[in-house]
Each structure stands twice: as C-alpha cells, then as structure tokens.
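One structure below.
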Amino acid sequence: MATDQQARRRSMLIAASGTVIEWFDFSLFFYLATSLSHTFFPHGRYALLVTLATGAVGFLFRPLGAVVFGHIGDTKGRTTALIASAGLMAIAMAGIALMPGYESIGVWGGIGVLCLRALAGFSVGAEYTGIMVYLMESASQHRRGFAASWAAANSEVGALLAVGSAALTAAVLGTDGLHEWGWRLPFALGAVLAAGMIPLRRYMVETPVEKPDPQEATPLKHALTVQRRNVWICFFISTVGSASYFLTITYLPTYVETVRQGDSQLALGMGTIAAFAAILVTPLIGWLSDVWGRRRTFGATLAVLVLIVLPGYALLGSPSIGVVTAAVAVLALPAAAWSAVAAAAVPEQFDAHGRYSGMAVGYNVATVLFGGLTPAIVAQLTEVTGDALTPAYYAGVIALLAGVPAVWMMREGTTLTKRQLNTHS
C-alpha cells in the first residue's frame, strides 16, 4: 500500500510539474510578441497586431487537439495523451527557435511560425485539462482543491519562468539584442524542457478511474449529449478564467510597453511581478475551496475581480513605478484565484465517462474565444477607441456575463466522494 501511495504521489508531482513546462512554452510567445514582430513581421503599423493574431492561431487549434487527445485520454489512458502532447510541444518550440526571419526568407518565416504555433496549440489542447483531470482523480476527497490547484499554480510558474527568461535575456543583451536574435534562446530552452518531460511521464501511473464499457457511446458523444449541461458549465468557468488571466497577467507586459509607453525591461518586469503574485495565492485559494466550498470561493473571487479591474488598469498609467507595481500584483490575484478553484471544480462537474473529452472541449473553446483572441481584440479596440482602459471594460463585462451563470449552474464538488467521481453514471 505504501508503495502504491508513493507511486501515486510521484505521478502527481510529475503531472503537476508538466504544466510548468507546457505553459512556459505556450505563454512565451506573448511575452516576446514585440521581438517576434521585429523578426517576422517588420513592416507596417500593424506588425504587433499581426504577431498577436499569429499567437492566437495556437488557440484556434486547441479545440482540435482537445478532441483528439481527449478521446485518447478517455479510452487509452490519461498518461498516453500527456506523453504525446509533450512531444509535439518540443517540436513546435524547436521549430520557432530555429526559424529564419523575414530578412532571410521573407513571408515564409512568418508562415512557418504560424504553422508551428498551430502545432503548439494542438498540443496544449490536451495538456492543461488532462493534468487537471489527473490530479483531481488521484487526490483524496478533502484535498482535491489543493491538489488540483497546483496545475494552476505551476502554470503560473511556467509563465513566471517565461517572462523571467525574456527579462533576463533583455537585461543581458539589451532591447536591441533581444529583438535581433536573443528571443530565440528562451524558445530553445522550452524545446529542451518539453522533450525532457517525455521520459518522466512514462513513469506516471494511471488514475483509479473506472474503465469505459466498449458498448457505451464514444466519450465525446457522451459528453456532448448526456453531459451537455456540464460542458456549458465548464465553458462559462473557463471563459472567466481565460479572459481574466490573459488581461490581468499575460497581456500586461505588452500593454505596459505599447499603451503606457514603458520600455521592454520595465514591461517584462511587470509581467514577472504578476506571475509571482499569482503563484503565491493559487495554492492558498485551492486549499480554501476545500474548506469553504467551490461555489462560495468562486462567488467571492468574481466580486473582487469585477470591483478591482477598472481602478487597477487606471493605476497602470501612474508615473510612479511603485504604484504600477502594486497595481500589477493586485490585478493578478483574482485571476489566479479563479484558476485555482477551477482546477478542481471543472473536472468535478463531469462523470468519469467522457470527463477528459468534455472538459477539453468546453475549456478549450472558451480559451479560444475569450483567451487567445483577447489580446488581439483588446489591442485593436484600444487603438480604435483611444481609451487606455478598454481592457478593463472588456474583462469586467465578460466576467459578469459568464461568471454569474457559472456559479449558479455548477454543482458543489466538495461533497462528492472519490468513488462517485471515478465511476460512470
């Protein structure tokens, strides 16, 4: 028994650490968007917008990856899907790191990056949802929130390492060196880290979930019919998480540099602060959701998000670095808290049959519409309106429209036993 428990803990540790690498790789594109625009889309006033749109393409391919890997995860096992996703991410990151720029091969460089970004999105379509499922199914009833929150926390660690590596590269090479060639170094590091996850994941044990009956409907069909309501709940929860995360954490460096006219090192430093603040709060909120309940914690988080997003963005225009730093840290907290609760709450909405598939679809469709496309949409809206607070309005409206039905419709997962969650309905 002790050996089984040790193997389970080791597997959960490997699974949780995987989000560090996948999110280092996937979020790096946005932190280095300005540098990528100089290399692959150097002409025209819309170079940054085109780069952000290229980054968003990765999100468009996430639902496709979700369908493919969700089916694999539900029928062949969670670990099989996670091993494959790590391999694809390693290929995508290595390709971007080595891709010649516009001056060497013209538009083909940008096209190549577009294709590799699509491959990265296809990979991530399986990753985060798969790890949330794995951690939730493996944890004990009264620690599911805390255990699953490490998927969210480690995604912030990945984001922190991404922005930190970009900031370090900028500090060592300067802004010109970063734009000219230095941005390739973090991408190369990401490729090596992703490749290193493949042998580690081969040692993960499968979760104790009931195996599907071959006579039952396919997992995806079951999720979209019998569990259709649960897919919608997942969609609403993920909509709030995606919009708030990308507008209060990932997009902030680009916002500070382009809208508030800060330099690259200042902008990346602000991104580091946002990610660090999120890491600190996420496990705490995951634990709190085990004690207080998922619905209550979601409701409180939603209220805080709506109340602080507008004044927080207003303070980003302050000439005081201290005020801007405080605003960045505070803005990151509700987004991190929402993700912490969602890591357990979303998989708890589903029965075992079709959980991976249903979650992957609901989560990734929301992330495409309200996560990946959000930086490009908000950048364009800000330019059209001339209002620097446009991101705050956008985040607040989306949070209310999706957050209220999410909290109202969801079931309270803390009352469900491990047996209830890991058997088929």
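Glycine residues also receive a Cβ, built from the backbone N, Cα and C atoms like all the rest.
Curation does not apply to TrEMBL; its annotations are automatic.
Under the heading domain 'Major facilitator superfamily (MFS) profile', TrEMBL lists 11-414.
Look at TrEMBL and you will find 12-34 (among others) tagged as transmembrane segment. Among residues of the same chain six or more beyond the transmembrane segment (12-34), those with a C-beta under 8 A of the stretch's C-beta atoms are 48, 51-52, 55, 58, 82, 85-86, 89, 92-93, 96, 117, 120-121, 123-124, 127-128, 131, 134-135, 138-139, 147, 150-152, 154-159, 161-163, 165-166, 178-179, 183, 186-187, 190-191, 193-194, 196-197, 200-201, 203-204, 250-251, 253-254, 257-258, 264, 268, 271, 375.
Among residues of the same chain six or more beyond the transmembrane segment (46-69), those with a C-beta under 8 A of the stretch's C-beta atoms are 26, 29-30, 33-34, 36-38, 40, 81, 84-85, 110, 113-114, 117-126, 129-130, 220, 254, 258, 356-357, 360-361, 363-365, 367-368, 371-373, 375-376, 379-380. For 46-69 (among others), the entry in TrEMBL reads transmembrane segment.
Cβ atoms under 8 Å from those of the transmembrane segment (81-99) belong to residues 15, 18, 21-22, 25-26, 29, 40, 65, 69-70, 72-73, 109, 112-113, 116-117, 119-120, 122-127, 130-131, 134, 184-185, 187-188, 190-192, 194-195, 197-198, 201-202, 204, 356 of the same chain, restricted to positions at least 6 beyond its ends. According to TrEMBL, the transmembrane segment annotation covers 81-99 (among others).
The transmembrane segment annotation in TrEMBL covers 105-136 (among others). Listed by sequence, the residues of this chain that lie at least six past the ends of the transmembrane segment (105-136) yet keep a Cβ under 8 A from its Cβ atoms are 11-12, 15-16, 18-19, 22-23, 25-26, 29, 36, 39-41, 50, 54-55, 57-70, 72-73, 78-79, 81-82, 84-86, 88-89, 91-93, 95-96, 99, 144, 147-148, 150-151, 155, 204, 207, 343-344, 346-348, 355-356, 359-360, 363-364, 372, 421.
Outside the transmembrane segment (157-175) by six or more residues, the chain places 19-28, 31-32, 182-183, 185-186, 189-190, 249-250, 253, 263-265, 268-269, 271-272, 275-276, 278-279 with a CB less than 8 A from a CB of the stretch. The transmembrane segment annotation in TrEMBL covers 157-175 (among others).
For 181-200 (among others), the entry in TrEMBL reads transmembrane segment.
Annotation comment: TrEMBL describes 231-252 (among others) as transmembrane segment.
The transmembrane segment annotation in TrEMBL covers 264-285 (among others). Residues 31, 34, 146, 149-150, 152-153, 156-157, 159-160, 163-164, 166-167, 170-171, 175, 178, 248-250, 252-254, 256-257, 297, 301, 321, 324-325, 328-333, 335-337, 339-341 of the same chain sit 6 or more residues outside the transmembrane segment (264-285) yet have a Cβ under 8 Å from a Cβ within it.
The annotation transmembrane segment is assigned in TrEMBL to 297-315 (among others).
Tertiary proximity for the transmembrane segment (321-346) is limited to same-chain residues at least six positions away from its ends with a CB under 8 Å from its CB atoms, namely 129, 132, 135-136, 144-145, 147-153, 155-156, 233-234, 237-238, 240-241, 244-245, 247-249, 252, 256, 266, 270, 273-279, 281-286, 289, 294, 297-298, 301-302, 304-305, 308-309, 312-313, 315, 359, 362-363, 410, 413. If you look up TrEMBL, you'll see 321-346 (among others) marked as transmembrane segment.
For the transmembrane segment (358-379), same-chain residues at least 6 beyond its ends with a Cβ under 8 Å from one of its own Cβ atoms are 30, 48-49, 52-53, 55-56, 58-60, 62-63, 65-67, 69-70, 73, 121, 125-126, 128-130, 132-133, 219-220, 222-224, 227, 230-239, 241-243, 245-247, 250-251, 254, 258, 346-347, 350, 390-391, 394, 398, 402. Per TrEMBL, the feature transmembrane segment maps to 358-379 (among others).
Taken from TrEMBL, the feature transmembrane segment covers 391-410 (among others).
Long-range neighbours of the transmembrane segment (391-410) within the same chain, counting only residues 6 or more positions beyond its ends whose Cβ lies under 8 Å from a Cβ of the stretch, are 229, 232-233, 235-237, 239-240, 243-244, 247-248, 251, 255, 294-295, 298-299, 302, 305-306, 309-310, 312-314, 345, 349, 370, 374, 377-378, 381-382. Only residues 6 or more beyond the boundaries of the transmembrane segment (181-200), in the same chain, are considered here, and those with a CB under 8 A from a CB of the stretch are 14, 17-18, 21-22, 24-25, 28, 32, 35-36, 39, 83, 86-87, 89-91, 93-94, 96-98, 162, 165-166, 169-170, 172-173. The list of residues near the transmembrane segment (231-252) in space but at least 6 beyond its ends in sequence, with Cβ under 8 angstroms from a Cβ of it, reads 27, 30-31, 156, 159, 223-224, 267, 270-271, 274-275, 278, 298, 302, 305, 309, 312, 316, 328, 331-332, 334-336, 338-339, 342, 345-346, 349-350, 358-359, 361-367, 369-372, 374-375, 378, 391-392, 394-395, 398-399, 402-403, 405-406, 409-410.
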